[in-house]
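Engineer: The structure under discussion is supplied below as structure tokens; questions concerning it will follow.
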Amino acid sequence: MTPEHLPTEQYEAQLAEKVVRLQSMMAPFSDLVPEVFRSPVSHYRMRAEFRIWHDGDDLYHIIFDQQTKSRIRVDSFPAASELINQLMTAMIAGVRNNPILRHKLFQIDYLTTLRNQAVVSLLYHKKLDDEWRQQAEALRDALRAQNLNVHLIGRATKTKIALDQDYIDERLPIAGKEMIYRQVENSFTQPNAAMNIQMLEWALDVTKGSKGDLLELYCGNGNFSLALARNFDRVLATEIAKPSVAAAQYNIAANHIDNVQIIRMAAEEFTQAMNGVREFNRLQGIDLKSYQCETIFVDPPRSGLDSETEKMVQAYPRILYISCNPETLCKNLETLSQTHKVERLALFDQFPYTHHMECGVLLTAK
């Protein structure tokens, strides 16, 4: 695979290899055949980041080869949304001959939605001033004249200039209901929107008929919490990043959801609070003991769950675990399988043509 060519004819073979690999990794814990969720074969990534290479009068997007570290010119990127591909061409054309916009530009980040909204961030090794803003506004207007629904942002050290706004609102059809998700630039969002829809619908399916409340750690912008709220009496969710918490609060209101409470704290701190190890001012007015959480949902970073959180989640009758790294999932399962058994197993092909696998497991207490 090269950045400008996807081996779409190999899609089925690479997916089959992942299924075999996941089954092999999960064999010590389950003999289930994974439920398999396919990605679109191209244009599946809703966000992408590129370094910008200056070559005389020319400049272009590049990425670095992960093995050799050599740079690779990228003029089109079929893994990314069609809108990102349009914007890549339009941004280079708009910046190339503009000395103010191109000077010390070193990176461009793209974030798009299924409804063709975009936020494009230009990153600089220089101070941004009013002259930069004027030129950026002219570029934005020129892009919009091409029917590109785009918001531009300039970034430099300790500086962020959003010409209009620094977010876009994604709308996803989830099990017969449209969900609105505010996505803020430079914050985590699920990169593959089609796969995100399938993950959310799978999570809804495996939690059908749930009793009591749901606890979620690492909730981000509320991606899972809000979709799952319809299956539970109440949802209590934690997140540490301020922009994500703000987006989650917006999403709660935008979706008219009244049974989700977001707390800004790390999973490790929340574990301490739940265990009564220490008190937190941020929890004033929230009666943790009033929640009857029968299910806990975790979607941890690649490092997986730390040992304290492992112990904490074992206290819950049901654990729903979405993993972006099956190796750390299996490491966690060495502990979790002492008290819980795997009831459902899913493979989500988040990043086709790569080694990467995303998977989901539902665990129930033995």
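Residue numbering: from 1, along the chain as shown.
Yeah, the Cβs are placed from backbone N, Cα and C, and that goes for glycine too.
Keep in mind that this is a model prediction, so the values were computed, not measured.
Okay, so Swiss-Prot annotates it like this:
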- C324: active site, nucleophile (ACT_SITE)
- E358: active site, proton acceptor (ACT_SITE)
- Q190, Y218, N223, E239, D299: S-adenosyl-L-methionine binding site (BINDING)
Engineer: Counting other CB atoms within 10 A of each CB, which of the binding-site residues Q190, N223 comes out lowest?
Structural biologist: Q190
Engineer: Taking each of Q190, Y218, N223, E239 in turn, which of these binding-site residues have a Cα lying within 10 angstroms of the Cα of E358 (active site, proton acceptor)?
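Structural biologist: Within 10 Å Cα-Cα: none.
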Engineer: Look up E239 (S-adenosyl-L-methionine binding site) in the DSSP assignment and reduce it to helix, strand or coil.
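Structural biologist: Its secondary structure by DSSP: strand.
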Engineer: What three-state class does DSSP give N223 (S-adenosyl-L-methionine binding site)?
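Structural biologist: For N223 (S-adenosyl-L-methionine binding site) - judged by DSSP and reduced to three states - the answer is helix.
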Engineer: Rounded to a whole number, how many Å is the Cα of N223 (S-adenosyl-L-methionine binding site) away from the Cα of C324 (active site, nucleophile)?
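Structural biologist: It is 15 Å, counting Cα to Cα.
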Engineer: By a 10 A CB contact count over all chains shown, which of the recorded positions listed here is most packed: Y218, E239, D299, C324, E358?
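Structural biologist: Of the recorded positions Y218, E239, D299, C324, E358, the highest Cβ count within 10 Å belongs to E239.
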Engineer: Tell me whether Y218 (S-adenosyl-L-methionine binding site) sits in a helix, a strand or coil according to DSSP.
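Structural biologist: It is coil.
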Engineer: Pairwise over Q190, Y218, N223, E239, D299, annotated as binding S-adenosyl-L-methionine, what's the top Cα to Cα distance to the nearest Å?
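Structural biologist: The two farthest binding residues have Cα atoms 15 Å apart.
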Engineer: Give me the sequence-ordered set of same-chain residues, not including Q190, Y218, N223, E239, D299, with a C-beta within 8 angstroms of the centroid of the S-adenosyl-L-methionine site's C-beta atoms.
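Structural biologist: Apart from the listed residues, the neighbours are F188, E216, C219, G220, N221, G222, F224, S244.
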Engineer: Taking each of Q190, Y218, E239, D299 in turn, which of these binding-site residues have a Cα lying within 10 angstroms of the Cα of C324 (active site, nucleophile)?
Structural biologist: D299
Engineer: Could you say whether, by DSSP, the residue listed as 'active site, proton acceptor' belongs to a helix, a strand or a coil region?
Structural biologist: strand
